[in-house]
Amino acid sequence: MITPYMAKENIRYYVRSFHFYCNWNSLESLLSSKSTWESMEFGISNSDIKVVRRNSPGTKREDWCNWPEMNFDEMDSTLNVQMFIQQTIRKDPSNVTAILTPPKGQDEAVWKYEHLRQFCMELNGLAVLLQRECDPAICSQMAATEQWIYLCAAHKNPKECTAIDYIRHTLDGAACLLTNNKYFPSRISIKDASVAKLGSVCRRVYRIFSHAYFNHKSLFDEFERKTHLCRRFTLFVIKYNLMIRDHLIIPKFDDIGLQNISVEQQQHVESVDLLNETTCGVGAV
């Protein structure tokens, strides 16, 4: 026997089922739309276009950082310069001229600083590759050619390190300096005294390239084919007068951009570089 309560519950059940059926059909139609999936993936709505520049947990390799490009003016963040540099690199890592071309009105000190941070991050990839064959027993010194043997400034008194340890110490030291609030408290503006420290970082970072080129050529070529990092770095230090000509010893890239450097600029770089060599200690690594 069906009681009034049971009848009422049955009616509620059928009403809920009907609503679910209608809503499911609407949802199925919505999900079959390609634009819906693009909106869900990139955070884009019809009323408010927004790009979510974040890799969610479970993101596939082919979808990593695969979000729409933005104009520099649209990057409303204190990390906008880093975002712009990384976006340009992803677009075409071989176009080093475009990567090193700042947006209109960009502060040069911040531009140099952000590029150096990016170089250090990408160089970790080369450091990982070098671990395949840069054995401490074989590369017992951080050397490029027989003429160039480098002392590691990560110690209280600079001393020789195995090549792989020198590379680790250099990248760790560069990261510590570039994230030091004493010298770089802001990523929007940088003091001239702090900018002066970038040259010593560039000089030590370049030694990683030179060691790889002269001692692990196949690994260097493998990495360079994918990233064009050494070519970009060489053009960077030449463009902004951060290293002297004699320190650019990799033959493949030793003349990039040099035609645009005046004698006065080169002499200025030499004097600043010499000053850094004689005054920089562990804190300048």
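Please read every residue number as a count from 1 along the shown chain.
The backbone N, Cα and C atoms fix where each Cβ goes, glycine too.
Taken verbatim from TrEMBL:
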- C134, C139, H211, H216: Zn(2+) binding site (BINDING)
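Where TrEMBL records a feature, it is marked here on the structure.
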residue	record	DSSP (3 states)
C134	Zn(2+) binding site	coil
C139	Zn(2+) binding site	coil
H211	Zn(2+) binding site	helix
H216	Zn(2+) binding site	coil
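Residues C134, C139, H211, H216 make up the record's Zn(2+) site, and a Cβ search at 8 Å around their centroid adds L130, E133, I138, A163, I164, I167, A212, N215 from the same chain. The local packing around H216 (Zn(2+) binding site), expressed as other Cβ atoms within 10 Å of its Cβ over all shown chains, amounts to 20.
The Cβ of C134 (Zn(2+) binding site) lies under 8 Å from the Cβ of A163, I164, I167, N215, H216, each of which sits 6+ residues away along the same chain. Compared over the binding-site residues C139, H211, the count of CB atoms lying within 10 A of a residue's CB peaks at H211.
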